[in-house]
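Chemist: Pulled these features from TrEMBL for this protein:
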TRANSMEM  28-52  transmembrane segment
DOMAIN    45-297  domain 'G-protein coupled receptors family 1 profile'
TRANSMEM  64-86  transmembrane segment
TRANSMEM  106-124  transmembrane segment
TRANSMEM  144-167  transmembrane segment
TRANSMEM  204-225  transmembrane segment
TRANSMEM  246-267  transmembrane segment
TRANSMEM  279-299  transmembrane segment
């Protein structure tokens, strides 16, 4: 359960060992069970979202398109780290090859960059739907939605490719033990024999630019939304307009709050915050949003809730649907 004993010589030049969560070895079994449960919920929930939206012709509005892409990104993000975490916590299999480590790092950070872009796209969708309802379908056409999705993905690739190149070309000649549950950039960078500051600064600056600009535009969108909503004469219309934004606000809070805390704790508070707290925060940041996002949208979005219930009823109780 505790894994092999480590030393600080490079036993296998092409291999890293993930330490897991320092000091939590006695709880590894419970962590493995909890992560497996959350991962199963994330996979099932997000796959249901994708299947329902793709199969139902009534769920073809831009909001559902972006939600479908978000669900796919959540699956990629969780699948990049959770299976290996469960392997570490359940069997002590902590080895990961050099190429697999940097592939994992690439997908994790690219997925987080795509997700923040999608949250901005969804905020823009809510702005158009509430502030310019008569032009909603004319502004957010299929070509525009596809263009937004491609732009978000290209931005993530442009951000991650130089970072991965810089870090993978650093010499690793001392420790091969990564003090983390996955190949997190800062944790791997500290193992390099050369100065890792350039890659660390690149990561901090560009992640701050991406997240900062997205949050600024999201804030601008919601300020315009609130101005339009409170300009409505009917209180019922105000509440209905605000309720359509509730799911998006909840998902943003789940993503940005622990995400920014994880980034700046790793960079600024590494000597003040215990290592196990830093690792736990980073781990939860990658698994909680994919787990709760489909639950939030499933509960708060009536159309999705009804379609999922209908799909599950048809799959598990076909005689009921035939009888009705």
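From the backbone N, Cα and C atoms, a Cβ is placed for every residue, glycine too.
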Chemist: The transmembrane segment (144-167): which same-chain residues, six or more beyond its ends, come within Cβ distance under 8 Å?
Modeler: 62, 65-66, 69, 102, 105-106, 109-111, 113-114, 117-118, 121, 124, 185, 188-189, 192, 196, 198-199, 202-203, 206-207, 210
Chemist: Between the transmembrane segment (204-225) and the stretches 64-86, 106-124, 246-267, work out which stretch tops the count of Cβ pairs under 8 Å.
Modeler: 106-124
Chemist: What parts of the chain pack near the transmembrane segment (64-86), using Cβ distances under 8 Å and only residues at least 6 beyond its ends?
Modeler: 18, 20, 31-32, 35-36, 38-39, 42-43, 45-47, 49-50, 53-54, 96, 104, 107-108, 111-112, 114-115, 118-119, 121-122, 125, 145, 149, 181-182, 251, 283, 286-287, 289-291, 293-294, 297, 304
Chemist: Could you give the residue numbers and ranges of same-chain residues that sit at least 6 residues beyond the transmembrane segment (28-52) on either side and whose C-beta is under 8 angstroms from one of its C-beta atoms?
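Modeler: Here the qualifying positions are 1-2, 20-21, 59, 67-68, 71-72, 74-75, 78-79, 82-83, 85-86, 88-90, 287-288, 290-291, 293-295, 297-298, 304, 307-308, 311.
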